[in-house]
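**Student:** Sending over a structure as structure tokens; questions will come in a sec.
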Amino acid sequence: MTGISKAACIGGGVIGGGWIARFLLAGIDVDVFDPHPEADRIVGEVIANAEKAYAMLTGAPLPPRGRLTFCKTLEEAVAGADWIQESVPERLDLKRGVLTQIDAAARPDALIGSSTSGLLPTDLQRDMKHPERLFVAHPYNPVYLLPLVEIVGGEKTSAATIQAAMDRLQPIGMKGVHIAKEIEAFVGDRLLEALWREALWLIHDDICTVETLDDVIRYSFGLRWAQMGLFQTYRIAGGEAGMRHFLAQFGPCLAWPWTKLTDVVDLDEALIEKIGRQSDEQAGGLSIRELERIRDENLVGILQSLKGGDSGKGWGAGKLLKDFEQSLWAKGGGAAASFDPAKSLRLVETKVSPAWVDYNGHMTEHRYLQVFGDTSDALLRLIGVDLAYVEAGQSYYTVESHIRHLGEAKLGQAIHSTCRILDVDEKRLHVFHTLYDTTTGEVLATAEQMLLHVDSKAGKAAPAPAAVLDKVKAIAAVHAELALPEGAGRHVGQRR
Ligand SMILES: NC(=O)C1=CN([C@@H]2O[C@H](COP(=O)(O)OP(=O)(O)OC[C@H]3O[C@@H](n4cnc5c(N)ncnc54)[C@H](O)[C@@H]3O)[C@@H](O)[C@H]2O)C=CC1
Ligand SMILES: C[N+](C)(C)CC(=O)CC(=O)[O-]
């Protein structure tokens, strides 16, 4: 897989800041140029939001955060970068000037992406000496959580550039879609623009308020879109006869007066004031930062739900997240190799995600099992039972778990787990996990588990190979010297 070694971000506003966070959290060093006097504060706040969101999004081991450097000049920022992302305001003259400057200062093999929402790459690359390496890389806000990037080439963009850009997105958890022909606003913003135009008419004509309009979206088709988009959703809406029946039934409506979107609404003072007032009422006093926090928590929850979609295989953006996490585990899962064998192994560090919280306002019970399951997985990787081992036909299966709930884990709380090996033989691995509140050190839960080594093709228990047993026995021997953890061997029952 091809990775980005060093990124440069030119422009660090809403979108530049999002790109910076995306790169840094993928372990990539980023040099930034933005003449705004408060650029470092603004970028810092975006990164802080992104870090909070990632802590809730995944328990997979993120690489060490990349190094962030603010540069005094554009030339300084792009020097040595192999991916340069331009995210300056949406003005063709400004972007052309900035891209020409980048072109002159960048490494000859650097990829240059523009975040433009709708300008044509052919227009953007007009004055560049090496226009073949310029492409549109149009992301969605917030860039650190939403994975899509529309990759669009101009007349002079080389096919190799497009391929290289596509290849570099997957390792940072993003999904590139190559748009076959350049067109203003590409695909996403053409759709959004159509919806937005119609929405502006509905407000202009007093059909509904901005709040009602948003409710119509978020309580209905907005939920569908996150997981199946438009066409697959309509295929299902055609019933058993599918898409053809759907088109036969609803196609004629296209000729009826169901839309005003081809006309452009006049965004005059009165309409701006009406939308501004209704939007203020809708926000109910919540600041932009508070709305961003709520948005991020919701997006994390949606992404995590989609990770469990299609019977646990993952669906859409959730499948992408699942694959990304697997690559993180494959790369960083051995990080605990620097463990101190004289202590319980500290294996999982995470935060309580919004999707994990129940009606009691704390982490729901099956999420404890998830964290303890992740702890067992981390132990297994440590002793050589990784994805390649599983794919080769052997694994450990958990056959018994006993969880004790001793404290409450609340939304966003930092938690970590440790593992103590109680016993091991050829087939059995007996472990005791403890979950802690990372801030206070309070024990929140414990889990005692028995795992069996299996030949997964035969579906039967089988002795673990010597290479695995040697590693696990070495840890178990040291753990045998430790005091037995409180609660080990407990069973469910009442003292009489
Ligand atoms: N805001 C959004 O929802 C989205 C925006 N985009 C695109 O991203 C680009 C940036 O938009 P935003 O981040 O929203 O704008 P913004 O106004 O939040 O940020 C632009 C940043 O560029 C900086 N800047 C201005 N001139 C510069 C120069 N010569 N060199 C370096 N930095 C300079 C500004 O100081 C500012 O921090 C635009 O092309 C926009 O179409 C793409 C996707 C979504
Ligand atoms: C409004 N916008 C055109 C800047 C939107 C985008 O480009 C994408 C997004 O994040 O909605």
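For all residues, glycine too, the Cβ spot is worked out from N, Cα and C.
Automatic, uncurated: that is what TrEMBL annotation is.
Pulled these from TrEMBL:
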BINDING   G11, G12, G13, V14, I15, G16  NAD(+) binding site
DOMAIN    6-182  domain '3-hydroxyacyl-CoA dehydrogenase NAD binding'
DOMAIN    186-252  domain '3-hydroxyacyl-CoA dehydrogenase C-terminal'
**Student:** Taking the centroid of the Cβ atoms of G11, G12, G13, V14, I15, G16 (NAD(+) site), which other same-chain residues have Cβ within 8 Å of it?
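**Tutor:** Once G11, G12, G13, V14, I15, G16 are set aside, the remaining close residues are C9, G17, G18, W19, D34, S87, V88, S115.
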**Student:** What is the three-state DSSP composition of the domain '3-hydroxyacyl-CoA dehydrogenase C-terminal' (186-252), stated as helix, strand and coil residue counts?
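**Tutor:** The breakdown for the domain '3-hydroxyacyl-CoA dehydrogenase C-terminal' (186-252) reads 57 helix, 0 strand, 10 coil.
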**Student:** DSSP secondary structure for I15 (NAD(+) binding site), reduced to helix/strand/coil, please.
**Tutor:** helix
**Student:** Measure from the Cβ of G16 (NAD(+) binding site) and count the other Cβ atoms within 10 Å, all protein chains considered.
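**Tutor:** Step by step: centre on the Cβ of G16 (NAD(+) binding site), count other Cβ atoms within 10 Å, giving 26.
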**Student:** Out of G11, G13, give me whichever of these binding-site residues has the highest number of other Cβ atoms within 10 Å.
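**Tutor:** It comes out as G11.
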**Student:** Using a Cβ cut-off under 8 Å and a sequence separation of 6 or more, which residues in the same chain sit near G12 (NAD(+) binding site)?
**Tutor:** I20, V32, D34, H36, A39, I42, V43, S87
**Student:** How many other Cβ atoms are found within 10 Å of the Cβ atom of V14 (NAD(+) binding site), counting all protein chains shown?
**Tutor:** 15
**Student:** On the 0 to 100 pLDDT scale, where does the domain '3-hydroxyacyl-CoA dehydrogenase C-terminal' (186-252) sit on average?
**Tutor:** 96
**Student:** Far apart in sequence but close in space: which same-chain residues, 6 or more away, have a Cβ under 8 Å from I15 (NAD(+) binding site)?
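**Tutor:** In sequence order, S87, S115, P139, N141, V143 meet the Cβ cut-off.
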